[in-house]
Amino acid sequence: MAEIRYDVPNEQWPVHPEKATLEGRNKFVGFWTFLAGETVLFASLFATYLALKDQVPSQEHLVAADLYHLELAFVMTMFLLTSSLTSVFAVYHMRNNNFGKMQLWLGITVLLGAGFLALEIYEFVEYVKLGHTFRSSAFGSAFYFLIGTHGFHVIVGLIWITLLIIRNANRGLSVYTAAKVNTASLYWHFIDVVWVFIFTIVYLLGVL
Amino acid sequence: MAQVKGKKAGFGAVLWDYLTTVDHKKIAIIYLVAGGFFFALGGIEAMLIRAQLAVPNNDFLSAGLFNEVITMHGTTMIFLAAMPLLFAFMNAVVPLQIGARDVAFPFLNSLGVWLFVFGGIFLNLSWFLGGAPDAGWTSYASLSIASPGHGIDFYAVGLQIAGAGTLISGINFVTTIITMRAPGMTYMRMPLFTWTTLVAAILIVFAFPPLTIGVFLLMFDRMFGSNFFIVEAGGNTIIWEHLFWIFGHPEVYVLILPAFGIFSEIFSTFSRKRLFGYSAMVFATVLIGFFGFMVWAHHMFTVGLGPTANAIFALATMAIAVPTGIKIFNWIATIWGGSIEFTTPMLYALAFIPSFVMGGVTGIMQAAAPADYQYHDSYFIVAHFHYVIVGGVVFALLAGLHFYWPIITGTMLSEKLGKIEMVIFFIGFHCTFLIQHWLGLWGMPRRVFTYLDGQGYNTANMISSIGAALMAIAVIILLINIIKTLVKNEKVGTDPWGDGRTLEWSLPIPTPYYNFANTPLIRGIDALALEKEEGDGTIPAAGPVEAIHMPNNSFIPFMISFGLFVAGFGALYFASGKPWAIDAVANLPEKPWALYVLIAGLAITFISMGVRSWKDDLGYYIPKEELEADLRELEARERGAK
């Protein structure tokens, strides 16, 4: 591992600090490989959801068209897409060796992500009140498992980025911490991309 | 003989070293020992199966116990024996083959092995805790949902833990092979074993997540009241079959591709020739990996997916024969005109070609969907997959064990005992499984615990059981060989086979913990053979000796895995007696302590992970002086040997 230096002057700061060390490159390739596996994980979840969509034991159970509200899904999408943009700003400032602004944009990312999560919890609570639960039908199981796994990923991402902000607060930027921030940002983008598919396949196709 | 540096360490120190190691060479040994242990367990289960089936109307095993034994035989052999043993060779050899100091993520490497070990122990503890899983290694949902007791839950949780370890190791090897290659080691100069490891690791990354999801569905349905497979609530059990085989078919290529890699190395080494058609071999490997994902439904021809789906999957399946055929011809052409040396690994490799081709041909027969309706669920299938798995993978594991033994332990297994073992194993293997083709065509179904007298199955089953006993004898001879060799502890020097062609044979034995004092410079395919023919037989250095950065040992991976192991028990017993669980589990007495065990286990895992992320572990440097001293000593030792 290259020597870890904090407060590197701008002219010595590499263009791609996250890939400046062998460890950084390993992390980059390894994490992309992990995301490839995650893609298949979500693909399996989508397949399960599509196979079990609207599969309910009897007429009284609500199905997708009765439940979903595009308005809420749209607001949630805006929260998450914007948080992806702010995480890009964070990485931009990381590459420009601007630690303060990087931390700021990471913080905004977390807030937007938390907003998304709050709306998702609200949505789940409303559905449960309507009798659409994890145990009520095969449709319910598949819905909550798909959306819930995505929500779980959001929680992990929020904790991850929050810990990075706190952990790095005192030490600043180095090629070592830059790689960590970049990896978390990749993860956050991935969650966002998955949500785009959820919006299309679950909500949009659900109300049609 | 050179003196081994340092004092002999006590048992406790050695144990602690292995529990905390992040060195790929030591992790290989953990994989080898644990995988070997589970291989023995799976083998004992196989013996029980054949003992039960040796004579008609046998009551050696009860019907229920027989179901548990066949389930655990399959599950153990695939997940806990074959794959970890292949990981042992990958760990021992691949970093050396590409000129790397270690794998890309040494910490994750350690985490992977301990997750596998704890997952395997968890699965096998089911024998003592109320009964093993009994729905077959495929655990089809329609069966497993109704299975009483916690057996299936042990299967689900155990596979989840071990599977996480496998996925982590897969990611690790993909990254290692992409980023850690020495200067000059281009993709098209990588030894075949490295290539097949890369493709197998990519298959792991793409194939294991569907299994993870499938097993989650099963766990949720059995333990937490969901309805994925509960038909009354709208569920569909075919989803399990799809998810399982989307994992399960690539899984068999995860096993066979590294086996192909091991054989490619052996053929080339002991024919003293370059591998024939190297680029075609690489291309075929990648193609097999690609096709591996397009054929899963050939396990489901009789499910009723319809003629269109069956036809597509039948064609894709038959297409796999093309790249596999390319490989077979290239191996034969490699031997052709070579200066052949009949060592134990080479004998296994030569026996592999006809054995595996037979398994491949029956595979093509089953790929014809209409014909498969006849073979389905009969002993013909059992014969087929044992021909490819034993005739391919197990032969490769045994060949690889003899071949790479010097790299792993610094000693050489007895060739005489090795050849006796090989001959007995080869005869026993064909004796066991060849006759099962006919048994299947005569109508004997698989997974039955006994059969009636007078149906014409008696002699054939007896022959099969005798063959199984022969294989057991061969494995016992191997064990004797291993013990004798370890006790004798006669160290060998660099390139013990004398014909090593790839980079791993250029290293001194025992290999230094940092592998390469100097980063090697690779000038072509078969780097060592090239230097033997054109240079002075040593690998040139890419630069001057420099301080090497090394990772620190860590106990954290063991603790993370242990935490999940504990949490597994909590999750499993948490469902006992709960009204929402499936009937088979809800009938069990409630376990109020289970929730606390679950929380305690997760706490161990998350605290361990927290320590890992909070404490920066920056590793340490081996000073240049130490490396130079080692190099001088090595040179002196080599002069002394001459």
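Sequential numbering from 1, following the chain as shown.
Glycine too: its Cβ is placed from the backbone N, Cα and C atoms.
Quick look at what TrEMBL annotates:
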type: DOMAIN; residues: B:10-523; note: domain 'Cytochrome oxidase subunit I profile'
type: TRANSMEM; residues: B:28-49; note: transmembrane segment
type: TRANSMEM; residues: B:106-129; note: transmembrane segment
type: TRANSMEM; residues: B:154-180; note: transmembrane segment
type: TRANSMEM; residues: B:243-263; note: transmembrane segment
type: TRANSMEM; residues: B:275-297; note: transmembrane segment
type: TRANSMEM; residues: B:309-333; note: transmembrane segment
type: TRANSMEM; residues: B:345-365; note: transmembrane segment
type: TRANSMEM; residues: B:385-408; note: transmembrane segment
type: TRANSMEM; residues: B:420-439; note: transmembrane segment
type: TRANSMEM; residues: B:459-483; note: transmembrane segment
type: TRANSMEM; residues: B:555-573; note: transmembrane segment
type: TRANSMEM; residues: B:593-611; note: transmembrane segment
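Across the domain 'Cytochrome oxidase subunit I profile' (B:10-523), mean pLDDT in this model comes to 95. Ranked by the number of CB pairs under 8 Å to the transmembrane segment (B:275-297), the listed stretches B:28-49, B:309-333, B:385-408, B:459-483 are led by B:309-333. Long-range neighbours of the transmembrane segment (B:385-408) within the same chain, counting only residues 6 or more positions beyond its ends whose Cβ lies under 8 Å from a Cβ of the stretch, are 25, 28-29, 32, 77, 82, 85-86, 88-89, 92-93, 96, 252, 255-256, 258-260, 262-263, 265-266, 269, 343-345, 348-349, 351-352, 355-356, 358-360, 362-363, 418, 421-422, 425, 429, 432-433, 436, 478, 485, 492, 496-497, 504-505, 507, 509, 511. Contact counts against the transmembrane segment (B:28-49), taken as Cβ pairs under 8 Å, peak for B:459-483 among the stretches B:243-263, B:459-483, B:555-573.
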